[in-house]
């Protein structure tokens, strides 16, 4: 207790009467009345301190509520009363700060070398005098006292009141107040930089606003990261008359700003609302704190609600930078809703979050502003005055300050859009709202379909000139980024009106800087990013239809689009202005928004194309087919599907079959639009082959390069059921073989198609493609499941053969048709899958993760996109795919893909998953038709492979650094493999598909041709590398894992299995690939690495160029 008493004595009583503490801030008269020390008159010395004399009764009387809150604050934040005392007195010796003699504002020689003025003084010359006088009071303001701070950044805002005597009459004009404020902070910074108390003393711009520097103080040692004290200099109360700062008033003279000697005659000065607002903000810091604290009393839900809101804003990158929706703004909004009784003090934090999001979603502050003024005062400006001056309006309790002054309408619309989306998510029972809204980050790259940034922000100077924004520049203190941004965004929003749901921009953010450095310039905001979120139906339309030629709006349309606009006659007979964009392929159509953005910025803002780095399709180069640059294979996919549709019609109508065809189902990825490189129609060049005339076959010649890979497009033909089908599995296979022969014969007779029958299938050459028909009989799987027990009982159980057949004839066709349907709803689904598969393959994992598994992962992104909207560009879909792989908790959760909305009991799947986790595959994917077995991930990926997938986030981060060429993201890391087998490019049939396209290609024995009918059959599905890989796996799977990129990779990577390198006891039966050695006088077997590496070469003779052993990677 004695200790507590001491603490109480030091924190409460001792602190109380010092200037700058709670009691010292009272008027001198009240201070004296309470027995405190009368404040020394302004002229008396440098404020020498006298010890306070307190009577015994006063010393031990119960602490007031204010003292109690100070005690709590001291305990929580300052860790010791002494530190609290020092900060509240402005550091040791702050009262000994000398007053300086009055000097002209431009005379700054008194500043020592170690401190630079934290203000861009352009133009430099300005009237007025400055001298330093110690502050009249320091007060803690802001979220710390309200208890609504959230980690990681705990900021304590301290208002430093500058005494009245340092100001003069016209300090409201021409940045004089702002410059005095900056000099005042520079003086304090110089003193604090010498103190041992502070770990770092730095400057920053408040909310990245150049007119408002602040001083950041951090404690020493390990606490430095924990808390930042932010000093805000503000004027003495009553210094300025508020009427001078109404939104319609001018406080920056054009002649001064333009550095002209005399003002132009008769020119009216434009209003400077943003400038005025920046001064007014400093005068209301304390009144805002009192307003918020009265709202927060007896309202515990407010703290929780604000914490949730701040996290929500942070995850969406909305809360930092110039014109951000800051935590302070969120607090004021909650107080407004409380005032309007949209929120009551009984509500919980969650209800506060919901009510606030609901309000944001349904209210557009850029159209109807809101005000916190309680009693209307006729002399105050009205909301309309604010709407004329600012894009977004939210007026504070004084009726003078617009809290959203710097926010652009576009940024508010983004907040509104996010709030609407969040409300939908909260109302959706199927989504875990908390995880999705508050735990998932939404960086621009993953949230928007196309992103572009201005490489040279300084180009906006020219834009300001072109758009004639001098008044805005004056108002913003010369900040051309802030002046041009609203105009640039509204220009783009108009140009992309029907195509984009949202045109958003990143918030200009300027980092803090040391006090001895020059303040950052306007261009130091880094790259300014813009995000476009598309309406999928209209994003790629070729036509921009304008008004009729004789309408008055036609001129405006022509001015807006420049020479791109032309008169056109439409089918309905009307003659209208129109803009037509050039694009032939789907890939080019996706990039029409890029053409629009570049055209409009060049035309209206003088921003050259070279300054715009547009990220709409940077990655898609890796799925381009062949040498032509124009497309990414969507058209090829459509022509494959058309040819397949035609073939299935022909099969339905075949005459002469003993049983009719009941269904034709495609199972090849190209038939669901997700084949990485769709087949191209081709015809063999006979000179590259050895002809076997009798069988109408072609065999590749040894001396020629390996022929191009021809993928067979697999189709399942279901035959009708009949009592004629045998009930024996061997007999069924023979009947199917007979059907294959007959199908070939009938297709040749009735449709002149070249066919090649085999026991298990028939290959059909049509339109340059090879289709592989496989006959299916619906009871065959059941017959394969039959097992006769030793007792002679017949029972059914799954066998490997029955599972495989079920997969091929039942599940794969269902998956293909479901994903085909998904492609119809989301046009970029197929291309996103292709990018994802190309990446998986490029990481050398094509044999370790099935194509169907990747298709389902991507389908998940489209069917369950929360908190995003479904992707409308392949690139954003792919980035989200990488993020899903990197962040999804496979160990504890199943991934549920609700195809065709066929699932209702998701919870049952989760419960069953948790109960049986140890027996289930590493990646568990549930779909409506496959809820319990996760058939597509049953075998692969194995646990070893799943850790190879983990570099994803690193890859995504690589991409985040602009601009990363597509190939960069796809190149695999080869450093952690033990052996690399380099292959001979002439023998790689898919060499042209590799990530880094080869400069020279080989003639692969085929030409592109879809019209030839009579041909000799080339070798189908022939890839020597895959044959070699199979041999390697058969021979060495117990010793090593093999990885390869099937799309033209030149390297097979080998990883030794650590367990197989442990010495084994000598057995004759287990000597494959091993040699005998002695260890501790015992005979043991260890792998014979040199012989194995030699075997690699021998097995792959002609295909293997060299084997590179990284001996340092493995030890025996």
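Any Cβ shown, glycine's included, is placed from N, Cα and C.
Under the heading compositional bias 'Basic residues', TrEMBL lists 1-10.
Sequence annotations record features per position, and here TrEMBL assigns domain 'Nrap protein' to 156-296 (among others).
For 302-440 (among others), the entry in TrEMBL reads domain 'Nrap protein'.
For 445-605 (among others), the entry in TrEMBL reads domain 'Nrap protein'.
As annotated by TrEMBL, domain 'Nrap protein' applies to 620-824 (among others).
Annotation source TrEMBL lists domain 'Nrap protein' at 826-945 (among others). Counting residues per DSSP class in helix, strand and coil order gives 63 helix, 7 strand, 50 coil for the domain 'Nrap protein' (826-945).
Using DSSP to sort the residues of the domain 'Nrap protein' (974-1107) gives these counts of helix, strand and coil: 37 helix, 38 strand, 59 coil. Taken from TrEMBL, the feature domain 'Nrap protein' covers 974-1107 (among others).
As annotated by TrEMBL, region 'Disordered' applies to 1-50.
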Worksheet item: What is the three-state DSSP composition of the domain 'Nrap protein' (156-296), stated as helix, strand and coil residue counts?
Response: 59 helix, 31 strand, 51 coil
Worksheet item: For the domain 'Nrap protein' (974-1107) and the domain 'Nrap protein' (445-605), does the number of C-beta pairs under 8 Å, pairs 6 or more apart in sequence, reach 3 or more?
Response: no
Discussion item. Using a threshold of three or more Cβ pairs below 8 Å, and leaving out pairs closer than 6 in sequence, do the domain 'Nrap protein' (445-605) and the domain 'Nrap protein' (156-296) count as in contact?
Written reply: yes
Response to the item:
Grouping DSSP H, G, I as helix and E, B as strand, the residues of the domain 'Nrap protein' (302-440) number 73 helix, 5 strand, 61 coil
Item to complete: Compute the average pLDDT of the predicted model within the domain 'Nrap protein' (826-945).
Response: 87
